[in-house]
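K.L.:
Below you will find the structure I want to go over with you.
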Amino acid sequence: MAYPLQLGLQDATSPIMEELMNFHDHTLMIVFLISSLVLYIISLMLTTKLTHTSTMDAQEVETIWTILPAAILVLIALPSLRILYMMDEINNPVLTVKTMGHQWYWSYEYTDYEDLCFDSYMIPTNDLKPGELRLLEVDNRVVLPMELPIRMLISSEDVLHSWAVPSLGLKTDAIPGRLNQATVSSNRPGLFYGQCSEICGSNHSFMPIVLEMVPLKYFENWSASMI
């Protein structure tokens with residue numbers, strides 16, 4: 001989860017988020033190099049009175065500043081496309097969870113189990129226990145097994161919502177009448193927080209998401225107790 005005054009992204013918990021962080025660093029380095037080059041050229045233009053008479057009519061220079069940006073765009077596009085394809089792949093999920101957005105709460109249905117469904121509301125500030133997080137805690141957490149591929153089917157009952165958990169690299173729109181899907185996979189156990197990331201009305205800020213990733217044994221015990 002994010003902390004006050006935090007710089008940078010949240011700690012990666014899934015392989016997709018690790019890839020996204022690597023891509024962020026890769027792109028940031030390219031942007032830094034381009035910005036440094038531009039600032040250097042501007043400083044030269046401002047500090048020197050010397051000019052090249054054929055600068056504005058140099059075929060070689062035009063060739064360079066046409067090919068070089070194209071090569072840079074390719075360096076950015078290739079890893080980006082690779083990650084997009086990875087995010088779309090869902091290979092043999094062990095579990096499917098249907099997520100529905102409402103104004104202003106989430107409902108979850110474990111489609112592999114009979115009658116395992118519940119609504120998830122934010123806990124009001126006055127009802128929080130010591131150590132719990134304001135505007136992030138819910139009355140029913142989404143319990144999932146760790147280190148296993150899980151398919152999330154995401155839609156909405158009313159208006160546009162967006163189901164997002166940053167530390168897992170997840171952000172999928174919940175659109176009425178349309179079913180989107182995403183893959184959830186966690187490398188470690190723990191609580192992972194998210195929020196609705198699409199302005200959906202006056203209580204948009206009060207739609208937190210809490211995933212509780214546990215070992216498979218504990219998940220089986222939890223699911224048996226819920227049925």
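Along the chain as shown, residues are numbered 1 onward.
Even glycines carry a Cβ here, placed using N, Cα and C.
Keep in mind it's a predicted model, so treat the numbers as computed, not measured.
Dumping what Swiss-Prot says about this protein:
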type	residues	note
TOPO_DOM	1-14	topological domain 'Mitochondrial intermembrane'
TRANSMEM	15-45	transmembrane segment
TOPO_DOM	46-59	topological domain 'Mitochondrial matrix'
TRANSMEM	60-87	transmembrane segment
TOPO_DOM	88-227	topological domain 'Mitochondrial intermembrane'
BINDING	HIS161, CYS196, CYS200, MET207	Cu cation A1 binding site
BINDING	CYS196, GLU198, CYS200, HIS204	Cu cation A2 binding site
BINDING	GLU198	Mg(2+) binding site
MOD_RES	TYR218	phosphotyrosine
K.L.:
If you run the three-state DSSP split on HIS204 (Cu cation A2 binding site), which class comes out?
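P.N.:
Reduced to three states, the DSSP call for HIS204 (Cu cation A2 binding site) is helix.
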K.L.:
With a radius of 8 angstroms around the mean position of the C-beta atoms of CYS196, GLU198, CYS200, HIS204, what other residues of the same chain does the Cu cation A2 site pick up?
P.N.:
GLY101, TRP104, VAL159, LEU160, HIS161, SER162, SER197, ILE199, GLY201, MET207
K.L.:
Setting HIS161, CYS196, CYS200, MET207 aside, what same-chain residues sit with their Cβ within 8 Å of the center of the Cβ atoms that define the Cu cation A1 site, listed in sequence order?
P.N.:
GLY101, GLN103, TRP104, TRP106, SER162, ALA174, GLN195, SER197, GLU198, GLY201, HIS204
K.L.:
For the topological domain 'Mitochondrial intermembrane' (88-227), DSSP counts of helix, strand and coil?
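P.N.:
In the topological domain 'Mitochondrial intermembrane' (88-227), the DSSP-based counts are 21 helix, 61 strand, 58 coil.
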K.L.:
I'm checking region-level scores; what's the whole-number mean pLDDT for the topological domain 'Mitochondrial matrix' (46-59)?
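P.N.:
The answer is 70, the mean pLDDT of the model over that range.
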K.L.:
Let's check the environment of GLU198 (Cu cation A2 binding site): how many other CB atoms sit within 10 Å of its CB?
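P.N.:
Counting Cβ neighbours of GLU198 (Cu cation A2 binding site) within 10 Å gives 18.
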K.L.:
What's the CA to CA span in angstrom from GLU198 (Cu cation A2 binding site) over to MET207 (Cu cation A1 binding site)?
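P.N.:
Just about 10 Å between their Cα atoms.
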K.L.:
If one measures from the C-alpha of HIS204 (Cu cation A2 binding site) to the C-alpha of HIS161 (Cu cation A1 binding site), what distance in angstrom results, rounded to a whole number?
P.N.:
9
K.L.:
Counting only residues 6+ away from its ends, which parts of the chain sit with a Cβ under 8 Å from the topological domain 'Mitochondrial intermembrane' (1-14)?
P.N.:
20-21, 24, 133, 136, 166-170, 184-188, 190-193, 213
K.L.:
Which one of these binding-site residues, CYS196, CYS200, has the sparsest Cβ neighbourhood, judged by other Cβ atoms within 10 angstroms?
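P.N.:
Least crowded of the binding-site residues CYS196, CYS200, by Cβ count within 10 Å, is CYS200.
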